[in-house]
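Worksheet for the structure shown next.
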Amino acid sequence: MTSTGLSTPQIAARPVTLGRNLTGRQRRHILYQAAFLLVLCALLWLAWRNVEANLAVRKLALGFSFLRQEAGFGISFSIIPYAETDTYLRVFVVGLSNTLLIALLGIIAATLLGFAIGIARLSPNWAVAKAALVYIETVRNLPLLLHVLIWYNVVIRSLPPSRQAVNLLDAVFLSNRGIFVPSLETSLGWETLALLVGGAVAAIAGILRRARRWREETGQPTRVAIPIVFILAVALLLVAGWGQLRVSWPALQGFNFSGGMALSPELSALVVALAVYNASFIAELVRGSIEAIGKGQREAAAALGLDRGRILKLVIIPQAMRVLVPPLTNQYLHLVKASSLATVIGYPDLVNVFVGTSLNQTGRAIEIMAMTMAVYLVLSLAITGLSNLQSRRLRLVER
Amino acid sequence: MTAVVNSSRVERSPAIAQLRRRLAWARANLFARPIDVLLTSTIAAAAVALLWAIVPWAFIDAVWVGENRAACRPDAACWAFIVNRGGQFLYGFYPQPERWRVNAVFLIFAVSVFLLLRRDTPGKRVVAFFLLLVFPILGYVLLHGGVAGLSRVTTDKWGGLSLTLLLGVAGIVVSFPIAIVLALGRQSEMPLFRWASIAYIEICRGLPLIAVLFMARILLPYAFPVGSEFDPLALAVTGIILFESAYLAEVFRGGFQAIPKGQAEAAAAIGFGYWRTAIYVTLPQMLRVVVPGVVNNAIALVKNTTLVVILGLFEVLNIVAAGAADPDWLGLHAEGYVFVGLVFWGLCFAMSRYSQSLEREIKAAERQ
């Protein structure tokens, strides 16, 4: 009673005697922070004055107008149309798309390989488990750059020339000019294709969602295979009939291959190195997450009469995923950032074409570095955000 | 009854018993299911094929002595390349008679780290003080010279494996105090310090090391007066320190969070202020917990320092590239990479084993 009686007038008095009611400690804190802010501002101001002086010497003014200038240099590989007459903005987009392509291919390959090796590591077969262990310990103790250089300078270079390319089932050809794989071609524009794929994905997601709700409400098993196959068939028929879908096979013509898709030596070496290196870390994460599930879980599931496959699918994997997702996302983040190693072997990623060639030609160091840093920061935030969303979904619901 | 007698008689011969145990083990662990038979034999065949390819290439047909690649066989390793260029691989273009200085710096570092990590070294504080504050300056003076009768060796002559390791050592040692300040800042009650630390840590961790290195190389000079001269190596070290201190700060934050709250509260109860609590109570406990994390970070950093090749420094992979471009040794990338790979592998494997054993020790200590 007394305490409330005392505190009320104090709170009322606070706006009037601002600062007087602060304790000595709080006052000191404000002082420290003010001093820190002052020093920080002074340093930034000094740096800024130097930046202005440096820019004046180089006769440059800050601004992004250079993005509209013609770049005038060629880029050896791009997944979107690009010509020398395009602008620096286009160069930026080409570099970004090439970076994203490498990151995406690397993530897919590393995940597949990493899961396989992680599961092999837990195999009851001694030879399989030891082989996985040897792989992991060999690969992860070498620098990623060394992996990239070995694949690029040693392995791919020692492949035969195009004429004697290693022929895998007449579909995939390995040569020192790169890897040639079959590709799908349609007359549809990418906008239509994206719309179609998006529609199909949305429809399947909707079905899975409804099925899950149904299962949770009624406890009845659901059959989703037939509608999903139906949707996929419709989408495929649409592309095939309307878009004249056909498979383009690579074939030797003269000294090189035509048709299909050509993965340049740089791209191939980079994707393989990223996959091989990151798979060793992912394998350890997979193993750790499965081992983190208590033995009792497995035993309880077996006691309920579930078979091996169902124990894995219904009991182990859902729980392991909860442990796995955060570190796995972290690994993906590493992979995306590591894809900037591309620049060392000359694959035209963002760093190579933008921080490299574009910066050399325009001298716009500050603008270009700022844009590049923004890209990586946005990518990091996006991946972290997705992972947070996913772990919220997977979080244990305590009842 | 008879069965028991029989088996005990058989097991009296230890060799047969051992053979039996091995066979039983093989049946259970190698050939349990039909698929296991297939898998085991595939792996065995692959291992044999690998050895069959590697042993003749690396040992039987390999050439160890020679003046150029003509002395070597095209289908086998040409270790003569490594032997002839060994000095360059290790020391870059550091002048031959002065190379003892590089060795001395690494020896001093190795001895102080050993003393610091050994359990009962007296006066660890002095060693830590020496390593964090005296060693960086002493190391620089020794390597660069120009004083006390040591001849001057400019940084463009530094190179090879020693440069790679030097960057790693400098990265960890100099980042250490910065990272402690950042970790304390991130946990500070004062919002300005907290925000500043978080912004710094998250930005540096969100960028690839290559971008941070380019930032140090290209942007940093803009912030200095017109006409300032910059040593490329110093800029590279700055980039590595910017990057590494953010990662170490997160390791330290984890360490601070692992300390029970009661520790700081007890310190407050006996009248300790912020700094005394940090120096005498939380920091020492934090440092003990984070050693495995710091070692893991050091492994990542040592592997990452190879990236300075993009700044044109004669780091060991650039020396390999330069050597393999020399007409005498044209195209001998593989030998160079194997050598570099063995060194890195040995270093990183040893460090990871150390950190694993330490983690186990800490866990065991916690259980008691």
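Backbone N, Cα and C define each Cβ position, glycine as well.
The structure displayed is predicted, hence computed values, not measured ones.
As recorded in TrEMBL, the features of this protein are as follows:
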TRANSMEM  B:37-60  transmembrane segment
TRANSMEM  B:100-117  transmembrane segment
TRANSMEM  B:126-143  transmembrane segment
DOMAIN    B:161-351  domain 'ABC transmembrane type-1'
TRANSMEM  B:163-185  transmembrane segment
TRANSMEM  B:206-224  transmembrane segment
TRANSMEM  B:230-249  transmembrane segment
TRANSMEM  B:307-325  transmembrane segment
TRANSMEM  B:337-354  transmembrane segment
By Cβ distance under 8 Å, which residues at least 6 away from the ends of the transmembrane segment (B:206-224) in the same chain are close to it?
-> 230, 232, 235-236, 238-240, 242-243, 304, 307-308, 310-311
Beyond the flanks of the transmembrane segment (B:230-249) by 6 or more, those residues with Cβ under 8 Å of it | 155-156, 158, 167, 170-172, 174-176, 178-180, 182-183, 186, 197, 200-205, 207, 209, 212-213, 215-217, 220-221, 224, 294, 297, 300-301, 304-305, 308, 311-313
Cβ-Cβ under 8 Å with the transmembrane segment (B:37-60): same-chain residues at least 6 beyond its ends | 30-31, 75-77, 338
Same-chain residues at least 6 beyond the ends of the transmembrane segment (B:126-143) with CB under 8 Å of its CB atoms are 101-102, 104-105, 108-109, 112-113, 115-116, 150, 153, 158, 166, 169-170, 173-174, 176-177
